[in-house]
Amino acid sequence: MGKIYASLKSIASYIPPTCISNVDFEKTLDTNDEWITKRTGIKTRYFALPSQQTSDLAYEAGKKAIERAGIEPKDIDAVIVATLSPDYLTMPSTACITSFKLGIENKAAFDISAACSGFVYLLSLAKSFIESGTYKQILIIGAEKTSSVLDFSDRSTCVLFGDGAGACVIGSTNDEKAAILGVNVSANGRYQDFLCTPRVHATFGATQAQEKQSFIQMKGNETFKVAVKTLVSEVKEILNTHHINPQDVSFFIPHQANLRIINAVGENLNFTPEQIVVSIQKYGNTSAASIPMAMNDLYEEKKLKYGDLMLLDALGGGLTWGSALVHFGGTN
């Protein structure tokens, strides 16, 4: 029997129903479409309904990913969700709720907290679980209802984010050309205040000022500088480790945080425009969901084929960051 590799078998996403354009923000904020587009590359984003929770978004993406993998919910051994906007503050995990909604019971389910790097962290965990023989089929989901943690009076943050979910089934293969080749993850708490919610949760009777501490806060300029330098270094490292040249990568799929960061990293690494996948103009920054949502766009546009090599990278609150080299092991 040959070596067992972890393999990305399917990809799916869920986009919430409410589309919010930059023009919509002009009605309530001192901002405009030109200002937002120039600084971020974002034109629209989608927000969940008030009645929808993060687990609802995760469920929709997860259900489709399972179907596309050609398996049943009962075949899933573990459900892992990455999110910064869970259904409950501390417990139960969004993964537990999502797995129940999917009809997956008496299997492992837990959340991870790595902010915008969450999906890369999910891949690292899933790869280890599969290749160690611990599990055979894992459902990983990046899901966010960032609209629940945004201060809609703060134009520096609320225009940046969107809601959504992306899911993958990770299984096994003997074919290295369908394998998750490698995943690197790292973090440095030195930068913890660059992206944060200073107060985890406002207690009952909290003042308005205390409530605002429950929303996302960001030091944009500082984050930009660290992001470009860190991501370029991270991508170079994983390419060198696996002896892969940039031109051998089918698609470079970065976390969709800011178009200026995406372009700066892509240009520094000499990727062509055809290699770089950009979806931020449609969805905004969907945190842990952004990479699988961008990947799903490729899939649904029939551009993603068996064996295609994807290079992923992300940086998020923590600060956390990571990169991955992933062959697509599914069918399209």
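Using the three backbone atoms N, Cα and C, a Cβ is placed for every residue, glycine included.
The secondary structure of Cys116 (active site), as reduced to three states from DSSP, is helical. Over all protein chains present, the Cβ of Cys116 (active site) has 30 other Cβ atoms lying within 10 Å. Look at Swiss-Prot and you will find Cys116 (among others) tagged as active site, backed by sequence analysis.
Marked as active site by Swiss-Prot on the basis of sequence analysis: His255 (among others). Residues near His255 (active site) in space but far in sequence (CB under 8 A, at least 6 apart, same chain), listed by position: Cys116, Ser117, Phe119, Asn285, Ser290, Ile291, Asp313, Ala314, Leu315, Gly316.
Following the DSSP three-state reduction, the secondary structure of Asn285 (active site) is strand. Taken from Swiss-Prot, the feature active site applies to Asn285 (among others), supported by sequence analysis.
According to Swiss-Prot, the feature region 'ACP-binding' maps to 256-260. Model confidence over the region 'ACP-binding' (256-260) stands at 93, taken as the mean pLDDT rounded to a whole number.
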Report, as a single number, how many Cβ atoms besides its own are within 10 Å of the Cβ of Asn285 (active site).
24
Simplified DSSP label at His255 (active site) comes out coil
